[in-house]
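Peer 1: First the structure, which I've put down as structure tokens, then a few questions once you've had a look.
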Amino acid sequence: MNTMSHKFVLALDEGTTSARAILFDSDLNIVNIGQYEFPQHYPQPGYVEHDPEEIWEAQMLAVKKAISKIDAKQIVAIGITNQRETTVLWDAKSGKPVYNAIVWQDRRTSPITDWLKANYFKMIKDKTGLVPDPYFSASKIKWILDNVSNVREKAERGEIKFGTIDTYLIWRLTNGKAHVTDYSNASRTMLFNINKLEWDREILELLKIPESILPEVKPSSEIYGYSEALGNLIPISGDAGDQQAALFGQVAFNVGEIKATYGTGSFILMNIGNNPIRSENLLTTIAWGLEKNKAKYALEGSIFITGAAVQWFRDGLRAIDVSDEIEPLASSVEDNGGVYFVPAFVGLGAPYWDPYARGLIIGITRGTTKAHIARAILESMAYQTRDVIEVMQKEAGISINSLKVDGGAAKDNLLMQFQADILGIKVIRPKVMETTSMGVAMLAGLGVGLWNSLEELRNIWKVDKEFIPSMSEEKRRALYSGWKEAVKRAMGWAKVVGGQV
């Protein structure tokens, strides 16, 4: 083909362990992918850090590979999606980070968030949609300001910049000309008022964070600046946190549309439209904003362990040699033989939020084989997804009729069929599974007029396979009731027998 006549969008997907760059054409086909891993640093127990320079280098290597077969002049837009919450502070003049990036998994700031939880829980939840937790950026910023020499003084003089990874990459790509983020990433800092769409002064004062270090918050699709890094000026016109980008990439543009991403853990997001519904057991977050001072919201449920349970079955039990062996093994038995597996290795996330829960396999008899356990592991992913979706439907007052899926385990036909069966709704798997990158490519393309409407994007998006429920209501109820009983037995276990949380 004559690629010179083609227009391309470059999506930078900066994850927790690797930086990726994916090149899309104007029909949203993947043209090329570059991926480079970078290390995580663990200076002390509970500390998880990245070197921002290593992220930048890996990202640029990934870009180089992704665009190796085309002329960079054909790239009409760049979009950036990122691991959310991870925090970088850097010197405004030199651009040099003042400390390593503190990663979303880092728990060092628990004392700060315990204090917030005890004294300001309702205020923070009402304003930000989030619960006080080390996961979010706010306490990480405070820790760097309080613990790294001279940083607070420099911040108060306006000499320090803060950003989540999207902001840091945009700053680097534009040679320091743009210090911006989008609504979706801002909503994960625990400093952004999701009702007023502005940085919240009350929370900033509480944590003694100067507002001058924060980026300007813009819609998820507009030109933020121009990158010179590829040899010619290319507009950076899309920005969204990874899970929100995946929701957009699944063309979940309407209220009640929902997606599940199955990775090491799973993230389920439901589009709830223009009003930030308050939730007891889930997070309320900004999905995206396509216009200034207007946002679409989502309910989010995070499940800590899904794909990681397959890794444990492979590496911990050595029951299989490679992860792909679990599906044929699980398919070799007709059902789970009464076995349930609750993967509470690090407690349970949404909707239980029990840090004291521990993993459990129950229902074992003399006839149980490793195939039954394999099946129970796969089924646990589907049960946990139903747990979250039931709460979403109840709290949003929305009944859903289909679930869009992506991520590694979504390739597993047995699991996807069981997911449809246990939910009693259709499960839809898209042709392009790189929904995070595709979502931000869509946002970037919209930002420069490559596509002109959401309808146009919906028409480009293609289905790979639909899984239709075939299980009887009676069987569905019985299986799910067994799961709920198993979860009850797993909850609070570390409190009963002791052991570290």
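Using the three backbone atoms N, Cα and C, a Cβ is placed for every residue, glycine included.
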Peer 1: For the ADP site, Swiss-Prot lists T16, R20, G307, G408; sort out which one of T261, T264, T365 goes with them.
Peer 2: T264
Peer 1: From Y36, Y42, Y135, grab the residue that Swiss-Prot records in the same glycerol site as R84, E85, D242, Q243.
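Peer 2: The record-listed residue among the candidates is Y135.
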Peer 1: Going by DSSP, is Q311 (ATP binding site) part of a helix, a strand, or coil?
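Peer 2: For Q311 (ATP binding site) - judged by DSSP and reduced to three states - the answer is helix.
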Peer 1: Measuring C-alpha to C-alpha, could you say which of the binding-site residues R84, G307, Q311 are within 10 Å of Q243 (glycerol binding site)?
Peer 2: R84
Peer 1: For G307 (ADP binding site), which residues of its chain lie six or more apart in sequence with Cβ-Cβ distance below 8 Å?
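Peer 2: Residues satisfying the criterion: Y262, G263, T264, G265, S266, S323, M381, G407, G408, A409.
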Peer 1: Using DSSP, would you call D242 (sn-glycerol 3-phosphate binding site) helix, strand or coil?
Peer 2: helix
Peer 1: Sort the binding-site residues T16, T17, S18, Q311 by C-alpha distance from E85 (sn-glycerol 3-phosphate binding site) and give me just the closest.
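Peer 2: So, of the listed binding-site residues, the one sitting closest to E85 (sn-glycerol 3-phosphate binding site) is T16.
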Peer 1: Neighbour count, 10 Å Cβ-Cβ cut-off, for Q311 (ATP binding site): what number do you get?
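Peer 2: Its Cβ shell of radius 10 Å holds 12 other Cβ atoms.
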Peer 1: Highest Cβ count within 10 Å among the binding-site residues T17, S18, Q243: which residue is it?
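Peer 2: Checking each of T17, S18, Q243, the winner is Q243.
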